[in-house]
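Feature list (source: TrEMBL):
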SIGNAL    1-19  signal peptide
DOMAIN    38-123  domain 'Copper amine oxidase N2-terminal'
DOMAIN    140-240  domain 'Copper amine oxidase N3-terminal'
DOMAIN    292-528  domain 'Copper amine oxidase catalytic'
ACT_SITE  D364  active site, proton acceptor
ACT_SITE  Y452  active site, schiff-base intermediate with substrate
MOD_RES   Y452  2',4',5'-topaquinone
DOMAIN    564-652  domain 'Copper amine oxidase catalytic'
Amino acid sequence: MWLLGLPWALALLVTVASSGPSADPPDPASIFADLSPEELRAVRTFLMGQPELGLSPSQGGPLAKNSLFLVELLPPKKRSALRFLEHGGARPRREARAIIFFGAQAEPNVTELAVGPLPHPSSYRVLGFKGGRAVPFSARPMTRLEYELLHEALVAAMAPLEPLLREATGFGFQNCSERCLTFSDIAPRGLGPGERRTWLVIQRFVEGYFLHPAGLEVLLDHRDPDPRRWAVRQLWYNGRYFGSVRELAESHAQGTLPLARLPEPPARHLFSSYEPRGRFASGTPTEVHGAKVCEPQGRRYRLRGNRLEYGGWSLAFRLRSSAGLQLFDVRFGGERVAYELSVQEAIAFYGGHSPAAMQTKYMDAGWAMGASSYELARGVDCPETATFLDAHHLLDADGPVRFPHALCVFELPMGVPLRRHFDNDFQGGFHFYAGLEGRALVLRTTSTVYNYDYIWDFLLYPNGVLEAKVHATGYIHATFYTPEGRRYGSRVHSHLLGNIHTHLVHYKVDLDVAGSGNSFETMDIRFENISNPWSAGARVWGDQGRGGTGTIPPGLTPPLTCPRYHLAVTRRHENEPSSSTIYTQNDPWDPLVTFENFIRDNETIEDQDLVAWVTVGFLHVPHAEDIPNTATPGNAVGFFLRPFNFFNEDPSVASRAPVIVRPLDPPTCSRLEIQRWTPPSPGACVHPEPFTYNGTYRQV
């Protein structure tokens, strides 16, 4: 049995393009590898050449067009994959998942296609959702083109408010160069199916603009495919609602509008910047390098394409453009323990007094959080010793885009032994000391979904434990401070309210422990009062018992029921691959996938192929110390997969890294025998290369 441990937590995953041509046969893990740039181009070229699709380039042109939005790997069906991995069957057909926005027709829609076989596609078929439902066009994710048009519409609509904005903020929209205003958009985009009206938070465009709201929020209706028909429907300024731009402008012109005047941002030491300011009271040095991770005798892990091996562990991995890291064929000691482990959704529910704050319910799969995997900085985001891997995405682009150093792999000293014991002789000496250093292999990526940065880790421990973990950092999602807003957060700066919110992350854990036929059991501990068998008349309190309990917090709407359960276990079905979609963000009222349907079919889960759906998260009440960014300590959550009577003993006994010390002359202990299976000294630990960073991601 493998136990699923649940500290209230989070996590996610990544991938690299498959390796180039080789004389050696491809690793079996490559059936799960992300599409290479060549494969991405081949899919796009093939689809663009199909006249019946009528595709236009993604960039430029009108919104009312047919365009290719996303291309990523379509994983093989589990039965085909296992037949290949376990029994030497045929290699599964390699296919791509392609998402097309059909906007140039009377009834626009979104259609998903399976395209293959790769690397030379020659056919496609429609991929349907459970129940045969179509994807409404209003549920589509935002594109770069729609954002450009949204900005143009906003600038034009705000022209009458330019005097107000200049007087209150010193910044504006009209003919600005350095002192410009910008916006952050809120989702969901409306209050019901079919709507596409978005609240925009107006901000001063300075470093860390997320923390510089101007006090103005604008509701812009952009449902119509023709931007000329877009219109501002409502505004909120400094705690008051206005029905039109004209109404707000006239209120200012008549002198009846209380202005929220913002101070001039300083040229240096801006509160939202990372520039050092102040000094620590202790005076200990911070201008020199601190402790570093090193590999004195080289790497102790092996990376071959998308196959990762470390100690008893072996797994395949990929980085989905849509939802992030995904592990496949996870094995320990050569035996599969999980077929799939992947992030499904990351949700943030906010509270607030302003319309944008109260409307914010982010579902980050709808923002393609997997493709938000920007460059990791060596020595900061990952140790200098890490192996860095690139990712390639074809998302809202006219070709594959290379994201350098999007993923890293490194061995991490945990700072605490994996296990240790000092065997006291109670005479001032000891019988022996033994310890095994604590280390884990880390697979890491990040998702920067606008203001927030999520650091996603999978950690592999030598004792057969796997940890999924996520750290939250980056800028808080903040709104303009009003006294009424204090009910929904903290005043973190003069004009800034840090809004209270809850982070929830949903995982899919397809465990295959000693085969695909598994059962689910919980253990519940309770006290019992029994007679003491060796002392008449005495009673003993002890722990015993097994059972199952569950908690279902109320208050979430049916479409978002996946975060309602800490843990839900269902039968695995090929037509239930994910608990969410990229369309849920913009149509959460009538979603294509409703997780509640997964668990309401009353199927038996005894000796079946099971999936554990895990929700982890935390409540974040922002505070002044979240300026400039939320710090990672105290904002990390996750869960563990732990073996439970699966092995005969701790499998880390296979490690050659323990230290055993025995006295040769007890109890004097003046002569010691030290047993080690590694070199006596780790040697020098220096990485000579200076820090470098590029930060670009370009079409290739």
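Glycine too: its Cβ is placed from the backbone N, Cα and C atoms.
TrEMBL: automatically predicted annotations, no manual curation.
A Cα-Cα distance of 10 Å separates D364 (active site, proton acceptor) from Y452 (active site, schiff-base intermediate with substrate). For the domain 'Copper amine oxidase N2-terminal' (38-123), residue counts in helix, strand and coil come to 21 helix, 28 strand, 37 coil, using DSSP. According to DSSP, the secondary structure content of the domain 'Copper amine oxidase catalytic' (564-652) in residues is 10 helix, 26 strand, 53 coil. Cβ-based neighbour count (10 Å, all protein chains) for D364 (active site, proton acceptor) stands at 26.
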